[in-house]
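To start, the structure itself, in structure tokens.
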Amino acid sequence: MTIHNPNFVLMVEDLTVSFDGFKAVNDLSFYVEPNECRVIIGPNGAGKTTVLDLICGRTKATSGSVNFKGQELLKMREDQIVHAGVGRKFQTPSVYEDLTVFENLELSYPQGHGVFGALFFQRDDPVKTRIQEIAETIFLEDHLSEKAAYLSHGQKQWLEIGMLLIQDPELLMLDEPVAGMSVAERKKTAELLNRIINDRSVIVIEHDMGFVADIATRVTVLHQGKTLSEGSMERVQNDPKVIEVYLGH
Amino acid sequence: MTTAPSNRLFTKSEAIGFVILAVIVFAILPLALDTFRLNLFGKYLTYAFVAVGLVLCWGAGGILSLGQGVFFGLGGYCMAMYLKLEASTPENTSIQSTPGIPDFMDWNQLTALPWWWEPFHSFSFTLFAVIAVPVVFSFIIGVAMFRRRVGGVYFAIITQAVAAILTILIIGQQGFTGGVNGITDLRTLKGWDIRTDSAKEILYFVNGIMLFACLLTAQFIRKSKLGRLLIAMRDQEDRVRFSGYDVANFKIFVFCIGAAFAAIGGAMFTLQVGFMSPSFVGIVPSIEMVIFCAVGGRLSILGAVYGALLVNWAKTTFSESFPELWLLGLGALFIAVVMAFPDGLAGVYTDKIAPRIRKLLKRGPPALPAANAQETAAE
């Protein structure tokens, strides 16, 4: 158990997960500061998504510690981790296709999370106002009554980001938010992310180096489940080890 | 805020659907049928309770239970135990070696009423037990399965195993349960003879009212945020979990609701048909109940009622004339529904019939988009 250091929102220490002997994440440590935008890059199979899975409780760690504002996340259930203030966006857009954009956002509104809370949940004005607000942020204010299934790929990504924003998490984790987007959508997403990362900590996994340079405060390069290099974008880009295993290709 | 979609309990077309069903159940069927046939339809409607529960569990929540007969049976048995005790007065059973206990117990050399039968002397306890026993049982199954994240096919198989186990248990414990014959020869409810024509008619209406209570409950759940969560869970369970919901709780809740509906249906079945036996508990009846739901349309609360009526009516009609062909027909019907009409009767109605009706009513202007826009803007 690590002691909480108020300089960091998230402290990952000696994190290891082993799948039948294969260590997808191996003795990994890193620290995220308040309001920092940390980008994790690395070749395929480096364990990037697994790290996010471990933090949000989707995968159980073999050993190590994930400390979020003094709480040990490895001992908590997924929904408890969400309530602690950690939001996670998946790599493929995970939205509720059979529901409208409005309903998608409403289900993510941080209220009525118990069975009876959900049963007697009232769609009152604060809820509607907040949904409207978020919809404007994610460029979907004209699509509120549309089914999510009819959105384009990029719009689904934005919707999922919106579903996280409405929870107002202190730590936001995004797995390849611009993958599969057109150039125009990418630009808009970068603008969106730059706006929403101001007052929270963010961990982003991304391959697009231009995009990374745009948003990153600091970059962590993963390789075979371990940190290969860490620091500013410039430093990482000039690190010979990084060039050899990742950027050189 | 004009963009918020409608959140009322009924849309216009849903309200019309409820009214039409009410007219059929409370006016057309009682006026058109003699007491014998009306009683038969009352029996069919008891299966509609199960089918409506399955719409919530399976259609909305994606939880396929192949063991709803268990809850139907538990509800029915609770009611049957009360009625049996009332029918087994010492005077009525004076020829038994132990008068005052149910006849099948006497035949099985029991000399005293088992302790767990005792509370069923009380009618209010029985009404409580009809709901509580199945709900507690489904809660236990739900906690055991959903907390461990057992779902899909595995859950379906386990519920089926539970149905098989309960049947074997009931048949094996003949002295306590009446065995394979079930609990028969039920006569009166608090002194009121339930075998007379007038009683059957009254019970039919009680059944109808109970069914509508369940339908309204189901509609309320569907229209609540919980209803939308069920759909969300069916499609993206992980997204729901990582939006801060404890998914297992919602599954347990809806499974318990399904069990409660089935149990009310079972109790009404016992009252109207006059007996309860293991043949309504096991695997075959449980699967038939899923077929009622599938034929009616697993996404539609009202469709489930029509599905239960139609399939049971067909069963009675065809099995009277071609008893050996009925099971094949039922199988063929299920395959046809799955292959050709995955949304059942309700799907056929909304895709094929409703647009035509609208066209006929509006004559001329493109009816579909206009009607939809009105409905969403109506808030």
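Glycine is treated like the rest: Cβ placed from N, Cα and C.
Residues or ranges marked as transmembrane segment by TrEMBL: B:15-33 (among others).
According to TrEMBL, the transmembrane segment annotation covers B:45-67 (among others). Within the chain carrying the transmembrane segment (B:45-67), a Cβ under 8 angstroms from the stretch's Cβ atoms is held by residues 25, 151-152, 155-163, 207-208, 210-211, 214-215, 218, 221-222, 227, 230-231, 233-234, 250-251, 254-255, 257-262, 264-266, 268-269, 272, 283, 286-290, 292-293, 296-301, 303-305, 307-309, 312, all 6 or more beyond its ends.
Annotation comment: TrEMBL describes B:123-146 (among others) as transmembrane segment.
The feature transmembrane segment is assigned by TrEMBL to B:153-172 (among others).
Look at TrEMBL and you will find B:202-221 (among others) tagged as transmembrane segment.
Sequence-remote contacts of a segment are chain residues at least 6 beyond its ends whose Cβ falls under 8 Å from one of its Cβ atoms, and for the transmembrane segment (B:242-269) they are 42-43, 45-50, 52-54, 56-57, 60-61, 63, 65, 68-69, 71-79, 130-131, 133-135, 137-139, 141-143, 146-147, 149, 151, 203, 206-207, 210, 214, 217-218, 221, 226, 229-230, 233, 276, 280, 289. What TrEMBL lists as transmembrane segment is B:242-269 (among others).
Below 8 angstroms of C-beta separation, residues 17-18, 21, 41, 43-45, 47-48, 50-52, 54-55, 58-60, 64-66, 68-69, 72, 211, 215, 218-219, 222, 262, 330, 333-334, 337-338, 343-347, 349 of the same chain, each at least six residues beyond the ends of the transmembrane segment (B:289-313), sit close to that stretch. What TrEMBL records for B:289-313 (among others) is transmembrane segment.
Taken from TrEMBL, the feature transmembrane segment covers B:325-342 (among others).
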Problem set entry | Considering the transmembrane segment (B:15-33), which listed stretch of B:123-146, B:153-172, B:202-221 counts the most C-beta pairs under 8 Å | B:202-221
